[in-house]
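Working notes for the structure below.
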Amino acid sequence: MLDSKLLRTELDETAAKLARRGFKLDVETIRTLEEQRKSIQVEVENLQSTRNSISKQIGQLMASGDKAGAEAVKQQIGTLGDDLDAKKVELDAVMAQLDAITQTVPNIPDDAVPNGKDDSENVEVSRWGTPKTYDFEVKDHVDLGEMGDGLDFASATKITGARFVVMKGQFARLHRAIAQFMLDLHTDQHGYTELYVPYLVNAETLFGTGQLPKFGQDLFHTEPLTEKASDEEPRRLSLIPTAEVPVTNLVRDTILDEAELPLKMTAHTPCFRSEAGSYGRDTRGLIRMHQFDKVELVQITRPEDSMAALEELTGHAEKVLQLLELPYRKVILCTGDMGFGSCKTYDLEVWVPAQKTYREISSCSNMWDFQARRMQARFRRKGEKKPELVHTLNGSGLAVGRTMVAILENYQEADGRIAIPAVLQKYMGGLTHIG
């Protein structure tokens, strides 16, 4: 979340920055609540001061033998205490309203982020590789998978419903090989520590990375979600939409030593998304699933290092595509297409021959101190006493299913077989083709 000081001292400037991303900050409500907060805070402080001052009289009156006077002062203190408690309740109510607003306010875009309404106004930064030309009719990954008896959408629909898949044989092996290759690359060459994390998380964790309270409808929940459960009730949990959620929350309520930074972590997990706002979009194939695998990259850095870390992390995701020899382009998201907690995001879009277009395969974001403030994730500089908020970054390195789509379509041959990229062949037992 944003620093509350910005909403107190730079309200109009903050509203203008948020307007760049199409978010209308309720300035008047915040200003009214802030005035109420200040007024009640003054009353609370005055009541506390008065009570403390009067309390000193009790000892003096008792010492002089004036028990009646001392008793009268005690009654006065009791009345002041009741008034003080009532004002504190008022103050808590106003603060709760301010917190509720703050929790739904997105991050401020970095100055380098281009203005725009939606993904049509994202700006291309670079391209790598040249899309192949084919002397036969290109098939999409669904047809290729069904021809090779490797992608079974009908059985998945019977078992669960739409937007799921059963993978079989060498197609399932290819899916596994892709994830193994990515993990080996990121751990062996890019310096990430591999993690195995829970796939179910609690509400506090989802709040920390920004999914709650605003985006609960995008998740799958084990039970109706509540902020806390009593000891007698089962814990309400949610399936993770991305490994970013559990991995980033490892530093929640933690003060790190400066020497520990940067932290670089990676995890391969399934991801679960309801796709609540995607009805009718990408209904065919693996592009948009309720359950899909992803290798996630997370970095925790000092504030002054985070923008350089974004370039590094994005480069690590790009390296996967380059080694797989898949054509892609890199775009910087405009203000209207950025995620809720991001201050700057690059998308990597891979070439999908059957669609004759580039499709997102990775999104790499600098969250600045937005998540860290929600999580109270901090570090202490050498020689300093006061801790500071860390910066958090995350990115897909890559989405496994979409990488498989790109391989199936870009490496297809005229007879319907799929050539295996050279870097994956050792993970496939030396196979050069499937299908």
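Cβ coordinates come from backbone N, Cα and C, glycine included.
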| message | If I go by Swiss-Prot, which of Ser120, Ser126, Ser396 binds L-serine at the same site as Thr242, Ala243, Glu244, Glu296? | response | Ser396
| Assigned element (helix, strand, coil) containing Glu244 (L-serine binding site), judged by DSSP | helix
| Long-range same-chain neighbours of Thr242 (L-serine binding site), Cβ under 8 Å, sequence gap at least 6? | Thr269, Cys271, Lys294, Glu296, Asn394, Ser396
| request: Determine which residues of the same chain, besides Thr242, Ala243, Glu244, Glu296, Ser396, have their CB within 8 A of the center of the CB atoms at the recorded L-serine site, and list them by sequence. | output: Val245, Val247, Ala267, Thr269, Cys271, Lys294, Val295, Leu297, Val298, Asn394, Gly395
| query | Near Glu244 (L-serine binding site), which residues of its chain come within a Cβ-Cβ distance under 8 Å, counting only those 6 or more away in sequence? | reply | Thr209, Glu296, Val298, Asn394
| C-alpha of Ser362 (ATP binding site) to C-alpha of Ala243 (L-serine binding site): distance in Å? | 13
